[in-house]
């Protein structure tokens with residue numbers, strides 16, 4: 001009785017899944033529906049002449065992308081090997097790729113966007129990251145939304161192109177593989193096999209083409225964002241603080257707050273986020289700047305201290321308990337290694353920036369260029385955010401960069417959100433990166449990718465008169481696919497090694 005009840009419950013559960021188009025298996029859940037079939041048919045029959053030109057251009061792009069992806073992957077592989085042999089992998093060279101898989105099922109030809117995220121070197125956007133490795137939780141929404149939208153747009157291209165070429169459309173669906181979302185369209189296999197190779201190319205290249213168009217559209221929105229948001233936000237006046245991490249050195253009563261407008265880092269003007277990053281990069285690469293201080297002021301502010309060397313060879317002359325004083329070094333005509341413990345804010349606020357004593361020789365007042373004596377890579381940075389008192393930051397410039405979030409857009413009205421432009425910017429960057437990577441990788445002539453079907457149709461369309469035997473054409477295609485698969489597998493393996501090696 002218990003067994004019969006269990007079987008009945010299982011049958012009811014399976015019927016319920018089938019009714020709603022659901023399929024559940026380990027690590028994979030899929031939903032397929034015919035609800036959108038009418039909409040797909042409307043799109044596929046809209047302006048047939050325009051769609052013919054649209055997908056013909058997409059066909060040419062897909063063929064070029066197939067050859068270009070091989071060149072790009074070959075270059076990527078060589079650069080990865082060079083990095084492995086010459087130096088340790090650098091974090092700023094992280095690249096993100098998506099792999100899209102097309103499979104043949106018993107129901108028909110099903111295009112499936114299966115989004116695997118792999119790290120590579122010298123490909124796609126440099127700032128993308130891998131979930132579970134270095135992707136912040138705050139970025140997960142952008143990341144998975146961009147994956148899903150890129151996959152849906154990819155499959156819409158296949159579906160609309162298929163209907164345009166009179167191929168029966170069975171349905172559209174969405175799935176989740178482990179944690180990655182994707183999409184697919186189900187086409188009737190027999191119809192695909194009956195149409196010409198050129199018609200097949202328009203269908204097979206449509207996904208890659210639509211991902212490219214999505215990436216270009218996202219780039220245009222990102223490029224024109226200042227003009228689009230101009231009625232509500234203005235730019236070019238500074239970098240607006242949108243978030244300060246709790247553990248940030250910039251967090252505190254004399255630090256930065258949400259809504260502050262940063263206008264200068266040292267003597268480097270800041271008109272936007274790019275300037276902020278560029279100034280911090282320059283400050284990190286160059287030696288610490290000094291500050292002009294008259295001999296009289298130097299004598300007045302300094303007091304006797306004990307000088308000792310740190311482990312890295314730099315000199316400290318202030319008490320470790322001091323929160324306001326910093327050890328400064330300077331040189332005189334008689335001695336080139338003098339040190340004084342001085343109150344940092346008094347030295348900096350009324351001083352001019354200098355590199356040597358010569359920069360401070362004005363009028364007849366003797367002055368010295370006093371430079372903070374700090375540990376290697378540590379900098380004293382003066383951050384101006386009027387009308388507030390300047391923030392004095394002591395630490396590695398990258399700590400300031402990573403723990404303070406900023407925007408180049410300043411609201412014209414107080415009720416406008418300071419986060420909206422950042423959300424649009426970030427989402428556009430993810431779309432550009434992930435949709436572009438989807439287009440590049442999917443065009444690779446590799447088994448199970450769209451590139452496999454693109455290559456087969458391309459060979460049928462171009463070599464049928466040169467290589468009469470179909471078996472010989474298939475052998476040529478098989479050898480090319482084997483080489484393309486090996487090239488992609490080598491990139492994936494070395495890319496994963498580069499991530500885990502860190």
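Cβ coordinates are placed from backbone N, Cα and C, and glycine is handled just like the others.
Source: prediction; values computed, not measured.
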Could you check which of 23-50, 51-78 is flagged in TrEMBL as transmembrane segment?
51-78
Transmembrane segment per TrEMBL: which of the ranges 172-192, 235-255 is that?
172-192
Please tell me whether the transmembrane segment (143-163) and the transmembrane segment (430-455) touch - that is, whether there are at least 3 C-beta pairs under 8 Å between them, with each pair 6 or more apart in sequence.
yes
Mean of the pLDDT scores, which run from 0 to 100, over the domain 'Peptidase M50' (142-482)
91
